[in-house]
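Undergrad: If you look up TrEMBL, you'll see 5-151 marked as domain 'Lactate/malate dehydrogenase N-terminal'. If you look up TrEMBL, you'll see D41, N104, V128, G129, N130 marked as NAD(+) binding site. The substrate binding site annotation in TrEMBL covers R91, R97, N130, R161. Look at TrEMBL and you will find 155-329 tagged as domain 'Lactate/malate dehydrogenase C-terminal'. The active site, proton acceptor feature in TrEMBL is assigned to H186.
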Amino acid sequence: GEPIRVLVTGAAGQIAYSLLYSIAKGDVFGKDQPLILVLLDITPVMTVLDGIVMELQDCALPLLREVIPTDKEEVAFKDLDIAILVGSMPRKEGMERKDLLQANAKIFKSQGAALDKYAKKTVKVVVVGNPANTNCLIASKSAPSIPKENFSCLTRLDHNRAKSQIALKLGVSANDVKNVIIWGNHSSTQYPDVTHAKVNVKGKEVGVYEAIKDDSWLKGDFILTVQQRGAAVIKARKLSSAMSAAKAICDHVRDIWFGTPAGEFVSMGVISDGNSYGVPEDLLYSFPVVIKDKSWKFVEGLAINDFSREKMNLTAKELMEEKETAVQFLSSA
């Protein structure tokens, strides 16, 4: 078959180092889909990229047709089938959140414009670099000729963290837990919701609340653990999550490509337009979705209790503030 063109930005970084091998060996797009990998990063790390290209060559992977390292947007974004935007300006010590938003608004405005100009109009864009939701919204707004629905941001890592915490608590496999939801922002205001989640216990499917029988844990420590897991990893490892982030990116992109399993939904940051959960329009907000034929749909009709509503509103409020800040920077830029 024809190779697909896959871009990874921030390609010299930690997450990409874990991600590139999985993509190149066929874990994401299937074992018979040849691909061209395009690696974008900033000029000072181009020699690092050369080393990564050598390693990818040395893996002798049958699906990998070509690897293109570049520091130029017009090369990186040309004719893309999928763009995985991992690179962003990380938060440095003493930086306010708004400083971070300002630095990244610039980057994602530029990359959005490059997508608009050079990529296929069918391109799927996945934003990983933080603040992921707002970066994704800016990229989408800067690429008016590409459908808004083609843009998503990664909350799958949070989704996987939630699944795993439930599985650990019950002593089952993470595979036995399904339909957890991450609502809202990929930040500490996100709401990991297991009200609708199911777990397979000894061959029987039961609700998570029923299986765990500890409401105060589910409404307290469980939520906090998932919300603050990224910070906990940094504290322990002195580096941010890379292996688990790369695995989540693979899960997210594979589901876009091949669809979600019957009876299961996943969490993704997507444009909020037309949702039935009272989330304001024109936000990039994490919802439960099902995917078929490379298109996602909101999971409809889930009952939202007062506890959930409050948490969903809180994270929406943060996203509205972030959006406002970012849009100000863009209009003054």
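Every residue gets a Cβ built from N, Cα and C, even glycine.
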Undergrad: Which one is it: of the binding-site residues R97, R161, which Cβ has the fewest other Cβ atoms within 10 Å in this structure?
TA: R97
Undergrad: Limited to the domain 'Lactate/malate dehydrogenase C-terminal' (155-329), I'd like the whole-number average of pLDDT.
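TA: That stretch averages a pLDDT of 97.
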Undergrad: Are there any residues in the same chain, six or more apart in sequence, whose C-beta is under 8 angstroms from the C-beta of G129 (NAD(+) binding site), and if so which?
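TA: Non-local contacts for G129 (NAD(+) binding site): T9, G10, L85, V86, G87, S88, M89, N104, I107, F108, N135.
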Undergrad: At the Cα level, what's the spacing in Å between R91 (substrate binding site) and V128 (NAD(+) binding site), rounded?
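TA: About 14 Å separate the Cα atoms of these two residues.
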Undergrad: For the binding-site residues N104, N130, which one has its C-beta crowded by the most other C-beta atoms within 10 angstroms?
TA: N104
Undergrad: Checking the spread of the NAD(+) site as listed (D41, N104, V128, G129, N130): what is the longest Cα-Cα distance, in whole Å?
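TA: That value is 16 Å for the farthest Cα pair.
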Undergrad: Which one of the recorded positions (R91, H186) has its C-beta surrounded by the most other C-beta atoms within 10 angstroms?
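TA: That would be H186, with the highest Cβ count within 10 Å.
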Undergrad: Please give me the binding-site residues out of D41, N130, R161 that lie within 10 Å of the residue listed as 'active site, proton acceptor', comparing Cα atoms only.
TA: N130
Undergrad: Which value in Å gives the longest Cα to Cα span across the substrate site residues R91, R97, N130, R161 as recorded?
TA: 24
Undergrad: For the binding-site residues D41, V128, which one has its C-beta crowded by the most other C-beta atoms within 10 angstroms?
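TA: Going through D41, V128 one by one, the largest Cβ count within 10 Å is at V128.
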Undergrad: How many Å lie between the Cα of R97 (substrate binding site) and the Cα of N130 (NAD(+) binding site)?
TA: 11
Undergrad: Would you mind reading off the Cα separation of V128 (NAD(+) binding site) from R161 (substrate binding site), to the nearest angstrom?
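TA: With distance taken Cα to Cα, R161 (substrate binding site) is 16 Å from V128 (NAD(+) binding site).
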Undergrad: By DSSP assignment, list the helix, strand and coil residue numbers for the domain 'Lactate/malate dehydrogenase N-terminal' (5-151), in that order.
TA: 66 helix, 27 strand, 54 coil
Undergrad: Taking only the Cα atoms, work out how far R161 (substrate binding site) lies from D41 (NAD(+) binding site), in Å, as a whole number.
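TA: So the alpha carbons of R161 (substrate binding site) and D41 (NAD(+) binding site) sit roughly 28 Å from each other.
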